[in-house]
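K.L.:
Structure below; questions to follow.
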């Protein structure tokens with residue numbers, strides 16, 4: 001077992017911390033340049049976070065983003081860039097809602113079925129990209145982006161009342177019909193609202209993710225293939241199969257990211273189901289360095305920014321301030337991780353150099369003696 | 001041993017954080033206090049927000065009028081792109097918590113959010129535009145017969161077209177915009193069966209860019225002009241301004257929507273080519289609701305605005321339109337027939 005390395009931990013934390021400080025300062029510069037108070041928006045955001053209902057909102061959003069980011073991270077660990085998490089998530093949520101609304105089963109079974117359908121659909125959709133990559137060598141970046149658009153059109157067609165959709169009387173919305181109450185997942189009722197049950201499952205999946213990647217042979221193979229496909233192949237790993245498997249798992253987890261909202265609140269997929277979750281997931285996975293704890297805090301941070309900035313426009317500030325800040329965080333993260341990596345590398349070289357020099361000195365003394 | 005400690009660390013850390021997040025705040029949404037002496041009214045906008053020269057701006061005009069005439073303190077809140085129901089619930093909650101009454105959700109997307117928030121604030125009136133699926137004692141459903149106004153636009157378009165080709169551009173393919181299409185197509189066909197109608201939608205949900213991206217409207221209008229259309233009716237919110245721009249530059253007729261687009265500053269360079277606009281008196285409905293609350297008799301249930309109450313109609317502010325007497329007579333006749341019930345306008349294409 002590896003010895004606990006304080007330097008490594010510090011360096012690991014330095015990256016995101018540096019990025020946050022830089023993003024924070026740059027946002028203040030933007031505010032100053034546009035002639036605004038550079039501090040007040042932050043105070044307003046923190047005041048907003050004191051409301052219990054905003055806290056519940058943040059936590060629930062964190063759960064959704066956590067799942068999306070895990071889906072992205074699984075791909076990242078394998079050197080696969082799954083940009084299609086958004087499409088996989090939407091299609092999975094939609095079809096799971098359709099299946100959930102069309103049958104009635106005893107409570108836990110109903111929920112389990114909805115969840116399974118979501119995972120299968122998500123895996124199927126990402127599996128197309130995985131299949132194309134392994135058989136035809138199509139870049140997963142290109143194919144998943146395209147699959148996002150295809151998912152959009154497919155959902156638009158499927159949700160028409162002539163197909164699977166339902167238009168409630170008097171409504172201008174299209175839904176998939178309401179899931180019977182047996183398919184509603186109970187939440188944790190706290191002051192200010194209800195924490196979706198699936199939000200807690202999302203965090204539990206983080207532990208599973210950590211265990212599978214770091215403590216199983218499969219996880220080792222996956223990471224090895226991500227580091228170097230040819231090396232992994234030489235040591236007996238079927239790289240193609242790993243690509244396909246990783247893509248399928250990534251899609252299945254992406255399919256789960258719609259579940260907190262679907263099972264906990266809306267109980268139907270409608271035109272106003274959130275979009276863009278998968279893209280935010282990429283930001284979060286990047287910020288959290290594919291580490292389950294890191295991703296959790298990154299998801300919490302992004303949700304905090306989003307939810308507390310929502311009411312800024314009522315105080316005369318554009319809420320896009322938070323969007324600017326998110327963008328700046330992504331840029332600073334990339335830059336600061338590289339800076340910290342180079343610094344760490346230099347330090348390591350120095351340290352090794354010193355140790356070698358000390359060893360050499362010692363040898364000399366021994367010879368002299 | 002180490003394995004267990006690391007798992008526990010992760011678990012304890014996330015649990016502690018979760019708990020601290022939920023437990024540290026003392027305030028909650030029930031601390032609201034509404035103030036009857038200084039009435040406040042709030043709008044929660046639909047996609048596109050204020051400045052769309054159309055639907056949201058019409059609602060804002062009603063709020064402005066209430067501010068001027070009734071001394072109501074206005075509040076506004078814009079949505080974020082791609083947000084979901086919880087965010088809308090939060091927005092309405094914050095507006096109600098701040099003591100606004102009424103709180104108006106501009107657009108059908110607020111339906112489920114209002115159904116969730118309204119029972120928590122029984123003393124606040126909630127306005128819901130374009131939706132009657134969710135009702136409640138303190139919910140006023142403000143709805144319009146868009147298809148009737150669009151029918152009149154169809155009559156006008158069929159009368160002025162020389163190429164016998166007209167265009168319809170819908171923002172996002174939703175049931176609401178299909179009502180506009182249905183009325184327009186029926187109006188054109190009832191007037192002149194030989195007119196060819198090009199129908200195009202800019203985006204499919206959940207991509208609501210078709211309501212907010214003028215470049216999409218511009219490209220679609222360009223395509224229809226190339227195909228020979230000489231009258232283009234766009235029901236596409238802010239994206240429709242792009243369609244109007246393209247049509248005016250080609251010196252063809254454009255028909256606007258929701259607000260009287262001839263009168264809008266943002267479209268002034270193109271206004272002589274804006275034949276007319278299908279108005280949807282969102283501004284009046286907003287004003288009426290605010291007034292009813294202020295007078296102590298808040299509206300509740302379905303409040304329908306049709307041709308009969310001038311809730312929808314055709315604007316006549318472009319002098320060029322007034323001069324086309326053959327057109328205006330036909331439109332007036334159709335209007336009278338609809339009100340009298342002689343013409344039934346379909347709400348679905």
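For all residues, glycine too, the Cβ spot is worked out from N, Cα and C.
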K.L.:
Which is it, of A:243-263, A:348-368, that TrEMBL names as transmembrane segment?
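P.N.:
So the range that TrEMBL calls transmembrane segment is A:243-263.
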K.L.:
Does the transmembrane segment (A:194-213) come close to the transmembrane segment (A:141-160), meaning at least 3 CB pairs under 8 Å for residues 6 or more apart?
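P.N.:
Stretch pair does not touch.
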K.L.:
Among the recorded stretches A:88-105, A:194-213, A:243-263, which has the greatest number of Cβ pairs closer than 8 Å to the transmembrane segment (A:111-132)?
P.N.:
A:243-263
K.L.:
Thinking of Cβ pairs under 8 Å, which stretch from A:54-76, A:194-213, A:243-263, A:321-340 has the most of them with the transmembrane segment (A:295-315)?
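P.N.:
It is A:54-76, which has the most Cβ pairs under 8 Å.
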K.L.:
Decide whether the stretches the transmembrane segment (A:88-105) and the transmembrane segment (A:321-340) have at least 3 CB pairs under 8 angstroms, with pairs required to be 6 or more apart in sequence.
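P.N.:
They are not in contact.
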K.L.:
Find the member of A:54-76, A:194-213, A:269-288 that has more C-beta pairs under 8 Å to the transmembrane segment (A:243-263) than any other listed stretch.
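P.N.:
Counting Cβ pairs under 8 Å, the winner is A:54-76.
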K.L.:
As a test: from A:54-76, A:269-288, A:321-340, pick the stretch that has the greatest number of Cβ pairs under 8 Å with the transmembrane segment (A:194-213).
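P.N.:
Top-ranked stretch among A:54-76, A:269-288, A:321-340: A:54-76.
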